[in-house]
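Trainee: Pulled from TrEMBL, these are the listed features:
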TRANSMEM  6-31  transmembrane segment
DOMAIN    20-260  domain 'G-protein coupled receptors family 1 profile'
TRANSMEM  38-66  transmembrane segment
TRANSMEM  72-95  transmembrane segment
TRANSMEM  116-138  transmembrane segment
TRANSMEM  158-177  transmembrane segment
TRANSMEM  209-228  transmembrane segment
TRANSMEM  240-262  transmembrane segment
Amino acid sequence: LALNPWDVVLCISGTIISCENAIVVVVIFYTPAFRAPMFLLIGSLATADLLAGLGLILHFAFVYFIPSEAVSLLTVGLLVTSFTASVSSLLTITIDRYLSLYNALTYYSERTVTRTYIMLILTWGASICYGLLPVMGWNCLKEPSSCSIVRPLTKSHLIILSVSFFTVFAVMLQLYVQICRIVCRHAHQIAVQRHLLASSHYVTTRKGIATLAVILGTFASCWLPFAVYGLLGDYSYPALYTYVTLLPATYNSMLNPVIYAFRNQEIQKVLWAVCCGCFSSTLPFRSRSPSDV
């Protein structure tokens, strides 16, 4: 096959995604202090994005060096699983942040740990099921007319994935609206109790809303183009349209470590300690709520 520049760009993106998220996975896995639900969910997100990056690399390698329908199904299944797990992990993080504010008094309990494990099981269980569908026979290799914009996924399969994304996005939007309301109410109560100026309350509220806007805006801008095109596009359309909408979706996995991991002060401490060669698993950490991150 002639080398497609778009495939090269996707492979480069996959390499960057893999390196970023591998750092997060290693830090969380080898640091005993990172066993709180918040870090487990961040680790789940990083693992999903790491698999997505590896899937992009393997897809490029197999397409150009080991072309095979069976291998193509496996790599596409891996990409579907990993990207679905990534989006689902973002939803679980949003739910966790909302509950940490809504049930602040009972958040640090055994019940929260149990709920976190249940969300992780559901997230990865559903993602693996979605990824196995092409491998188990739901593909368009024998019927090209049923193909979607992403071969060998069928049109109906991609529609289900797109509708699932819109559902997740709607739930996240609703939860972040509720989070904004709680943050504004808490900031106002603190300002009243401490006799702070109105400007101080305004600055705190604006900072919180801006952070949530960046999180939700990044997610939407990365995934909405591909989700919309997945619903409206057809296999007969030029492949360029698929690449143009799919590439921003991969950027979400590239930005997730920056938004959810590298901004975390505890993870920053470990990274600085590793860079300085003084890593210790007993580094002191301040217990933080997910809403602080």
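Keep in mind that glycine also has a Cβ here, set from the backbone N, Cα and C atoms.
Caution: TrEMBL annotation is automatic and unverified by curators.
Keep in mind it's a predicted model, so treat the numbers as computed, not measured.
Locate each feature and note its surroundings.
Mentor: A mean pLDDT of 86 is what the model gives for the domain 'G-protein coupled receptors family 1 profile' (20-260).
Here the transmembrane segment (72-95) has long-range neighbours at 41-42, 44-45, 47-52, 54-56, 58-59, 62-63, 116, 119-120, 123-124, 126-128, 130-135, 139, 141, 150, 152-153, 161, 164-165, 168, 171-172, 175-176, 219, 223, 249, 252-253, 256, 260, 290, meaning same-chain residues at least 6 beyond its ends whose C-beta is under 8 angstroms from one of its own.
Sequence-distant contacts of the transmembrane segment (240-262) (same chain, at least 6 residues past either end, Cβ-Cβ under 8 Å): 6, 9-10, 13-14, 16-17, 20-21, 23-24, 27, 42, 45-46, 48-49, 52-53, 56, 83, 86, 90, 93, 149-150, 214-215, 218-219, 221-223, 225-226, 228-229, 233, 268, 271, 293.
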Trainee: Please figure out which one of 6-31, 38-66, 116-138, 158-177 racks up the most CB pairs under 8 Å against the transmembrane segment (209-228).
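Mentor: Looking only at 6-31, 38-66, 116-138, 158-177, the most contacts with the transmembrane segment (209-228) come from 158-177.
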Trainee: Using a Cβ distance cut-off of under 8 Å, indicate which of 6-31, 116-138, 158-177 has the most pairs with the transmembrane segment (38-66).
Mentor: 6-31
